[in-house]
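**Student:** Annotations for this protein, taken from TrEMBL, read as follows:
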- A:Cys4, A:Cys7, A:Cys23, A:His26: Zn(2+) 1 binding site (BINDING)
- A:Ala54, A:Val55, A:Ser56, A:Asp60, A:Ile80, A:Gly156, A:Asp161: ATP binding site (BINDING)
- A:Cys275, A:Cys278, A:Cys287, A:Cys290: Zn(2+) 2 binding site (BINDING)
- A:3-27: domain '2-thiouridine synthetase TtuA-like N-terminal LIM' (DOMAIN)
- A:51-221: domain 'tRNA(Ile)-lysidine/2-thiocytidine synthase N-terminal' (DOMAIN)
Number of protein chains: 2
Amino acid sequence: MRRCVKCKEKASIYLPHHRLSLCSQHYVEWFEERVQRTIKQFGMMEKRDRVLVAVSGGKDSLSLWQVLHRLGYEADGLYIDLGIGDYSAKSKELCKKFSERIGRKLHIVDLSQELSTIPQIKQLDSRPACSFCGSIKRYYMNLYAKKLGYTVVATGHNLDDETAVLLSNVLSWNLQYLERQTPLLEEKDGFVRKVKPLCLLTERETALYAVVTNIDYIEEECPFAENATSIDYKKIMAQIEEKSPGTKLRFYLEFLRKVRPALSSGTQPVTLKPCSVCGEPTVGEICSLCRIRRKLSVKTQNITELPDPSP
Amino acid sequence: MRRCVKCKEKASIYLPHHRLSLCSQHYVEWFEERVQRTIKQFGMMEKRDRVLVAVSGGKDSLSLWQVLHRLGYEADGLYIDLGIGDYSAKSKELCKKFSERIGRKLHIVDLSQELSTIPQIKQLDSRPACSFCGSIKRYYMNLYAKKLGYTVVATGHNLDDETAVLLSNVLSWNLQYLERQTPLLEEKDGFVRKVKPLCLLTERETALYAVVTNIDYIEEECPFAENATSIDYKKIMAQIEEKSPGTKLRFYLEFLRKVRPALSSGTQPVTLKPCSVCGEPTVGEICSLCRIRRKLSVKTQNITELPDPSP
């Protein structure tokens, strides 16, 4: 029988890549300490920061919100209602309930009012939904953080998310994406600081934390994410991790420590300027959100230009 | 029906990542041209070079030998008899037959005379056999190339070999291994130049070439390679390639083009000096071969020190 390394009671959790056995109570402690250490290690934020946690209703973002709150950070939530039928309705309710439970404010952005719902945009955009949905969420997270006076945006990306993206960027050696892959993106040119305090914790670890601390989260995947290539890369990383535990963590940390600095010294820094339509920072003339907005307005015009079918 | 892009006859071969259909005859032409272009692209060698091809009896090395010979290079073979039972006996015979077929000299190094057989060394060395067997082969390839006056050693590593190693080195971010991962290692400090002219051709492509040109090669894997981790990485790269053809080639070429130069500028160059025992170049005091030799002699001494069981 495995015993908890802290209290010697029966362990209920074993973490192979840390060779660590813990009971539920000490697991929660370990998890929260690890988040705090990660924040410190990368210099992500201070207690005086005003933190906006981007919450989706899933285990990662709600766990993150809870941990930050428990660690004493001023952390409120931002929920972007993507308008994806039942999935959005249910996840919004879970975020509201959770915000009441921890007694912190939840801001809600309604995409159908701001722009259009993801299913409607999907009809106009041939890209995989995850691709433009990601840009849209990043845009509103940043915009509302600035509007509402938050100094940091925190997202619930975990080690599995980060290593899947890292593997994908490494296979194509996309140096600009690799250069941006860091758990701390400093405030710059109209961007609020962005941090990923769960980046050293696996998906399984976050799920365990959510379960043990009774967080009510949405278990379904987003219906649009079904064929996302990131899921393939997660499966591949899982295969590798199973054969040699610790690979994911080493792959990510050594990248940050040794490789990213070497690569970024060789890449041209990206020059950002205000979007000529909305004024938000972008690399081109018009930001990706305004390009979607333009497509949507063209579509609406086409519809209104149709002849009236009634006589 | 797919047709050969060269002669419009029925194609017998389709290469998805090149979107190329070819008949057998034009496939052979395409393959040999691709090897020649690879040699040129990386500046691997000239027609005036004396080339020693490291042959194992497998499809890659025998195909390489044949292509180099047909392209007009002065290419002889070096076979290292590892003493692995039937596997070595059979592969040696195939190399001999092949050398007669193309009318080029085959040099044979007998490891049981030089050092000891791989199965015997395996009993003393806890590392996976592939690990020390690789060092041993590299040692004798280099030593005999110098002794016999060859200017280049050519090995049959294909794109699958190279990308499996690259993936493994990337997952651990071993910068010194990454820096050495190149299809052309220049002559330096007692090392003969080493080249991998098949590095842009997949295992499947080499196998096809061997089959179409009737090369009699050993199909069995080495019995010691069964659990080699390189095989896992090959499987993973195959999964990725199946989902998005061309990934392997891009992963390897972009690494060589963009990443290796950036990384190697940051790594300390390795200083080599002559091994204090044999004089061959090494990073430490004693080269890995002499360390194996020492273990073998200790073992032999232990045996001779045993009391004689007969009265």
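Just so you know, glycine gets a Cβ as well, placed from its N, Cα and C.
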**Student:** Which residues in the same chain, at least 6 apart in sequence, have a Cβ under 8 Å from the Cβ of A:Cys278 (Zn(2+) 2 binding site)?
**Tutor:** A:Cys287, A:Leu289, A:Cys290
**Student:** Would you mind checking how many other C-beta atoms are within 10 angstroms of the C-beta on A:Gly156 (ATP binding site)?
**Tutor:** 24
**Student:** Given the binding-site residues A:Cys7, A:Cys23, A:His26, A:Cys275, find the one whose Cα is closest in space to the Cα of A:Ile80 (ATP binding site).
**Tutor:** A:Cys275
**Student:** Same chain, outside the domain '2-thiouridine synthetase TtuA-like N-terminal LIM' (A:3-27) by at least 6, Cβ under 8 Å from its Cβ: which residues?
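**Tutor:** Long-range Cβ neighbours of the domain '2-thiouridine synthetase TtuA-like N-terminal LIM' (A:3-27): 205, 208-209, 212, 241, 245-246, 248-249.
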**Student:** May I ask which of the binding-site residues A:Ala54, A:Val55, A:Asp60 is closest to A:His26 (Zn(2+) 1 binding site) if we compare their C-alpha atoms?
**Tutor:** A:Asp60
**Student:** What does DSSP say about A:Cys23 (Zn(2+) 1 binding site): helix, strand or coil?
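**Tutor:** The residue in question, A:Cys23 (Zn(2+) 1 binding site), is coil (DSSP, three-state).
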**Student:** Quick check for the class: what is the C-alpha distance, in angstrom and rounded, between A:Cys4 (Zn(2+) 1 binding site) and A:Val55 (ATP binding site)?
**Tutor:** 32
**Student:** Using a 10 Å cut-off on CB atoms, tell me which of the binding-site residues A:Asp60, A:Asp161 is the least crowded.
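**Tutor:** Result for the binding-site residues A:Asp60, A:Asp161: minimum number of other Cβ atoms within 10 Å at A:Asp161.
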**Student:** Of the binding-site residues A:Ala54, A:Val55, A:Asp60, A:Gly156, which one sits closest to A:Cys275 (Zn(2+) 2 binding site) when you measure Cα to Cα?
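**Tutor:** Its closest listed neighbour, by Cα, is A:Ala54.
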**Student:** Counting other Cβ atoms within 10 Å of each Cβ, which of the binding-site residues A:Cys4, A:Cys7, A:Ile80 scores lowest?
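**Tutor:** Counting other Cβ atoms within 10 Å of each of the binding-site residues A:Cys4, A:Cys7, A:Ile80, the minimum falls on A:Cys7.
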**Student:** For A:Gly156 (ATP binding site), just give me the three-state DSSP call.
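**Tutor:** Where A:Gly156 (ATP binding site) sits, the three-state DSSP reduction gives coil.
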**Student:** Pick out which of the binding-site residues A:His26, A:Val55 has the most other Cβ atoms within 10 Å of its own Cβ.
**Tutor:** A:Val55
**Student:** To the nearest whole angstrom, state the Cα distance for the pair A:Ser56 (ATP binding site) and A:Cys7 (Zn(2+) 1 binding site).
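**Tutor:** Cα of A:Ser56 (ATP binding site) to Cα of A:Cys7 (Zn(2+) 1 binding site) measures 35 Å after rounding.
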